[in-house]
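Report on the structure given below.
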Amino acid sequence: MPPPLARGGGGGDDGEAWRRWAVLVSTVWIQALTGTNFDFSAYSSALKSSLGISQEALNCLATASDLGKAFGWSSGLALLYMPLHGVLMVSAALGLAAYAAQYCCLLFLNPSSAAGSSFVIPYPLVFLICLIAGCSICWFNTVCFVLCIRSFSASNRPLALSLSISFNGLSAAFYTLFANAFSPTSPSVYLLLNAVLPLAASILALPAILLCHTQDSNLQSVPRYDRRVFLGLYILAFITGIYLVVFGSFTTTGSAAWVILTGAMVLLALPLIIPACSSCSYVDTHSIDSASPLNHDDPHKPLLVSNNLQNESNAVTEKTMEQQVQRTSCGTILDKGRLVVLGEEHSAKRLIGCVDFWLYYTAYFCGATVGLVYSNNLGQIAQSLHQQSQLTMLLAVYSSFSFFGRLLSALPDLLHSWKVSFARTGWLAAALVPMPMAFFLMWKQQDGSTLVVGTALIGLSSGFIFAAAVSVTSELFGPNSIGVNHNILITNIPLGSLLYGQIAALVYDANGQRMTVTDNRTGIIDTMIVCMGMKCYSTTFFVWGCITFLGLASSMVLFIRTKPAYASTAASRSSCKHPTKFPVNRETP
């Protein structure tokens, strides 16, 4: 018998809906204020002079933050022994400690400050601090992923994930507005904000997270107005993105900065109002989720719905697929060991031995990760092409198109509601198409307009993949295991950051000249290699273009291999509408 909250219209249903939306808005707040690795360039020069390190050592600190993602799988293990709110607060504590330590480096070790000191912090300790900061970001992300998976049905889950992840791309813009309001001339304010704001967002989101059930008994029943709410939330997200891109691309001070910051906070709070307005017109009780089966949930697996009907239909589909493989001459190449059904749980050991996972890993490693490294090098790319004055605009272009790419990752689910169905791995392959085009375009022609177009294409492509990857991981390898599996996937980010960054550095140094540079703020004289002209990144763009083309090829093979699994899932959904085709056990497990 269904619980009281799921029986019909009325206050119970409204309360259940509000619980889901409150959890979703909480993840939006967390994601918007925990992308602390995106503002590294704002304080990196000050950190370099305070620690008295070289440019190469500073680049290693930037890599350390990405290297923290290699330990993000620990958050999935923590969820096995700790509640969600416990993992969230541990994440906030890690970030607070790591960024507060870096803030102290700027505050007390800066030779130009009155509080300057001769005390020297060992470089390995600073490296470890940056690594912990990067790890805390992964823990925040895992909490948000699990919250969306537990709170929404299979059909609405990708929409919730995409919306939440999209706001992470706007973190740098939010931090810029906060810094402009509090202390626009102090680089150290970014580190203080990195330490405090994630903790504040966690405390603010804590009440809603405490309401999140370990098992949502109503995941299969979806109020019919949910899609209207999601549409309203996505429209509001688009407006928020435009607002932050426009007002975050230039520096404001005084009362104007506070007015702009207040407007951004109002836009961030508005998502709570849209579900309330929609629920006022709520009449129907619930409609069965088309992506969920008709039988009861397994009480031991709160995130994954299982039933006899699905098992029998999957068995029939698997047998049919095996027959097709035997008839296909290239079956040994494209069909051997491929996924048969979606959502089947994969342990870490099974994941590592799965061919489809490594195709997926290669597509991410040779796609979105290259885009991330490109954004980290955008400052020197602009400088080498005499576009230094356009750097703020280029950063805004990358940030905005990355954000809109993340929003577009929800397109497959919106089109599915209009009876347009296409495998999500196919969308992943399509999203990778613009990236090699952009790099080959910039390899052939490097001017201001080409740089802007290439940056926009790379941001759009990488943003789509960053957001869609969570849903793809959940669909291919099981929603219950996403805490560990997705963090195994993103270990490619620190590897790519090191490899692709090293390629760019070698080409840059080989074509550059050593120059003496004086820091006007600190008076410190340093020597560094400076490269000017197309030769600085031309070879790098060609190599990156070839690498992303490999990622595109890998994603296309993944699409071909997983397409039958998506087709079998669609067939099982269709058979659920006609339960008499298969015998169904209606007994409660």
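Just so you know, glycine gets a Cβ as well, placed from its N, Cα and C.
Heads up, TrEMBL stuff is auto-annotated, nobody curated it.
Feature annotations, reproduced from TrEMBL:
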DOMAIN    20-275  domain 'Nodulin-like'
TRANSMEM  87-109  transmembrane segment
TRANSMEM  121-147  transmembrane segment
TRANSMEM  159-178  transmembrane segment
TRANSMEM  190-211  transmembrane segment
TRANSMEM  231-250  transmembrane segment
TRANSMEM  256-274  transmembrane segment
DOMAIN    344-564  domain 'NFD4 C-terminal'
TRANSMEM  357-375  transmembrane segment
TRANSMEM  395-415  transmembrane segment
TRANSMEM  427-445  transmembrane segment
TRANSMEM  451-477  transmembrane segment
TRANSMEM  489-508  transmembrane segment
TRANSMEM  541-560  transmembrane segment
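Scored on C-beta pairs under 8 angstroms, the neighbour of the transmembrane segment (87-109) with the top count among 121-147, 159-178, 451-477, 541-560 is 121-147. Long-range contacts of the transmembrane segment (489-508) within its own chain (CB-CB distance under 8 A, at least 6 residues past either end) are made by residues 59, 62-63, 66-70, 72-73, 138, 357, 360-361, 364-365, 369-370, 372-373, 376-377, 380, 384, 469, 473, 529, 531, 536-537, 539-540, 543-544, 547. In this chain, the transmembrane segment (159-178) lies in contact with the transmembrane segment (395-415); the count of Cβ pairs under 8 Å, excluding pairs fewer than 6 apart in sequence, is at least 3. For the transmembrane segment (190-211), the residues of the chain that approach it from at least six positions outside its boundaries are 19, 22-23, 25-27, 29-30, 32-34, 36, 39, 42-43, 84-85, 88-89, 91-93, 95-96, 98-100, 102-103, 106, 133, 136, 140, 143, 147, 175, 178-179, 182, judged by C-beta separation under 8 angstroms.
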